[in-house]
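According to Swiss-Prot, the active site, tele-phosphohistidine intermediate annotation covers H11, on the basis of similarity to another entry. What Swiss-Prot records for E89 is active site, proton donor/acceptor. Per Swiss-Prot, the feature region 'Disordered' maps to 147-170. The annotation site 'Transition state stabilizer' is assigned in Swiss-Prot to H186 on the grounds of similarity to another entry.
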Amino acid sequence: MLAFGLTVVRHGETQCNKDGLLQGQKIDSLLSDIGIQQSEAAGQYLRDVKFTNVFVSNMKRAKQTAEIIVRNNRTCHDLELVADPSLIERSFGIAEGGRVIDMKNMAKAAGQPLPEFTPPEGETMEQVKLRIKDFLKAMYQRIANDHQDKVQDGGTSSADESTEAPAGLANDGVSSVPVHALVVGHGAYMSIAMRYFFEDLKCPVPRGLDPAQQFSICPNTGMCRFIITLKCSSVDIALSDIKCVFINRRDHFKTN
């Protein structure tokens with residue numbers, strides 16, 4: 001068994017975010033001044049949290065956010081940032097570059113909830129889930145290869161098994177976990193990933209979490225954290241357990 005922490009962070013604000021425009025995959029924006037400030041604040045919040053691996057979407061807004069967070073960290077500033085195209089934002093097809101409110105109106109006209117609506121030429125939720133599965137498989141393999149010395153025999157793991165609500169600290173859930181991956185990605189992609197974790201993988205909902213928050217769009221530089229346990233053998237690596245510590249945390253905004 002190999003237990004590791006997984007902290008997922010949405011990129012900082014871009015001008016398109018501020019203007020209410022859909023970026024998707026065609027608009028590869030850099031961070032706005034506010035987005036840089038948000039990323040610096042996220043980096044300061046996580047500065048004493050040890051990461052052993054960093055994965056990032058290869059879109060500019062995510063890479064810039066990851067670089068700022070890692071630069072502020074006291075233990076992982078020299079880690080390789082592994083750029084993975086499986087982490088890029090959901091494609092919104094012909095709606096990209098247009099206003100978010102216009103896509104909401106398109107979904108309403110089609111009689112569908114916004115998260116489930118697919119604009120022409122866009123990606124369906126199921127297509128994004130396939131990319132999520134591809135990324136998880138690659139991440140599991142990379143972590144197992146990088147941390148073979150942390151694999152334990154039997155059904156126990158070094159993860160914190162506490163069922164108490166998180167204390168609101170930056171290292172909640174990962175203080176006793178020697179392997180910890182940082183992933184920096186995108187809002188719609190993260191929302192679908194949460195659906196996959198909670199609905200498909202049956203991850204328990206954290207105590208005290210408002211169910212309406214489960215699948216809401218994470219704010220810019222908002223954070224989600226999970227503890228994942230892998231079953232490792234000479235022929236296979238498989239998910240054994242997943243627990244959620246928190247989702248959509250934005251405590252570092254207080255420092256802005």
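Backbone N, Cα and C define each Cβ position, glycine as well.
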Inset, instruction - Please work out which residue of H11, H186 has the most C-beta neighbours within 10 angstroms of its C-beta, and give that one of the recorded positions. - result: H11
Inset, instruction - Ten-angstrom check, please: count other Cβ atoms within 10 Å of the Cβ of E89 (active site, proton donor/acceptor), all chains counted. - result: 26
